[in-house]
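Engineer: I grabbed these lines from TrEMBL:
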type     : residues       : note
MOD_RES  : LYS42          : N6-(pyridoxal phosphate)lysine
ACT_SITE : LYS42          : active site, proton acceptor
BINDING  : ARG139, MET315 : substrate binding site
DOMAIN   : 247-372        : domain 'Alanine racemase C-terminal'
ACT_SITE : TYR268         : active site, proton acceptor
Amino acid sequence: MEERGFFYRDTWAEVDLDCIHKNVASVKQLLPNGVEIIAVVKANAYGHGDVQVASEALAAGASYLAVAFMDEAMALRKKGIAAPILVLGASRAEDVQYACDHQITLTVFQMNWLLEAQKHLKTDSRLSVHIKLDTGMGRLGIRTKEELAEFEDFISRDERFHLEGVFTHFATADEPDQTYFHQQFELFQELVSALKVRPKYVHCSNSAATLRFKSNAYNTVRLGIAMYGLTPSLEMEPEIPFPLNEAFSLRSKLVHVKKLHKGDKVSYGATYEASGDEWIGTVPVGYADGWIRKLGSQEVLVNGIRVPIVGRICMDQFMVRLPQELPVGTKVTLIGKDHHQFISINEIAKKLETINYEIPCIITSRVPRLYKKNGKIVEIKNYLLQ
Ligand SMILES: *Cc1c(COP(=O)(O)O)cnc(C)c1O
């Protein structure tokens, strides 16, 4: 596949679908037989591309998808995804009929919501729901057995609701201290066993819990960050049972190269000053692409060598100090491998004092995504030109 005609700026993100495939397959292999995988593809698959990741995850053994909001589920349906999709977050009760029409499964956790939803469901509709239990995350969910019993009864009395699942979410599954995790898990067990009828899907594990506590998986896990080849936390890195393959790279090309002399300045505020003769390259990536100003002290890879960013990052461009004169068009790697060097998403996360989850998510839709399989480009998504 030829890149020409798909995008017109020399900046792109590469998503290696083979990595997604391998990561899902490794998790599948790790889990006890029969445990299903819900591939979490919210937030445009953590910035990687929703339909591309969803399709690959399904091909690799996932059987269900999850997103945060109904819009994300509808987007997947529009792109031809037929697999079941669970909306993990809150949806509007007024919108239930749309969820039904698109066979989207909703998360439920409020009595008033059910009462309101009843008003909006046609008589012959059937809405699949998963009950969310709050076992200590303090975000969404039912917290007591009494509430749960009332809730279950209500659902069972209305044919239009189909109780398909029950789940909870852990707050500390990636932390070295396991006390709170076990506390949450115990409460989950207690609440699940209080149900009169156990639904088809019982799930609690995110990536961290899946990788660390595979026997606690019940019959389904929700796999997010590990599918993208990233560790849920730095602390649990030594506990990852198989190599994770990082799928996301960010690349660009030098669009201008010039020689500066001692005292010449670079970028807004003229904060960088050349200390002698220096080769300065311009890279067409800026904070509007998610390469935020705080990355001003980051390095990038050029011909397998780390080179420093100099001067302030602009909205659309930044400058680097090159070891020598290099031709315009030379590839620049901001995230990913180049020759034997590697800039990991963790490195960028550390620089930004945040978690790896945030990094691909903040690379904006101005950056086209290139999809690779077997080293070949199989699809190019330019959000600007759709
Ligand atoms: C995002 C999310 C996940 C995925 O978590 P990872 O740590 O990325 O595996 C699972 N469950 C819920 C409810 C989520 O919101």
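Placed from the backbone N, Cα and C atoms, the Cβ positions cover glycine too.
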Engineer: If one measures from the C-alpha of ARG139 (substrate binding site) to the C-alpha of LYS42 (N6-(pyridoxal phosphate)lysine), what distance in angstrom results, rounded to a whole number?
Structural biologist: 17
Engineer: How many neighbouring Cβ atoms, not counting its own, are there within 10 Å of the Cβ of TYR268 (active site, proton acceptor)?
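Structural biologist: There are 11 such Cβ atoms around TYR268 (active site, proton acceptor).
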Engineer: Mind looking up the mean pLDDT for the domain 'Alanine racemase C-terminal' (247-372) in the predicted model?
Structural biologist: 98
Engineer: Do you know which of the recorded positions LYS42, ARG139 has the most other C-beta atoms within 10 angstroms of its C-beta?
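Structural biologist: Highest number of other Cβ atoms within 10 Å: LYS42.
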Engineer: Under DSSP, the domain 'Alanine racemase C-terminal' (247-372) has how many residues in helix, strand and coil?
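Structural biologist: When I sort the residues of the domain 'Alanine racemase C-terminal' (247-372) into the three classes, I find 23 helix, 51 strand, 52 coil.
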Engineer: Going by DSSP, is the residue listed as 'N6-(pyridoxal phosphate)lysine' sitting in a helix, a strand, or coil?
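Structural biologist: In the DSSP reduction, the residue listed as 'N6-(pyridoxal phosphate)lysine' maps to helix.
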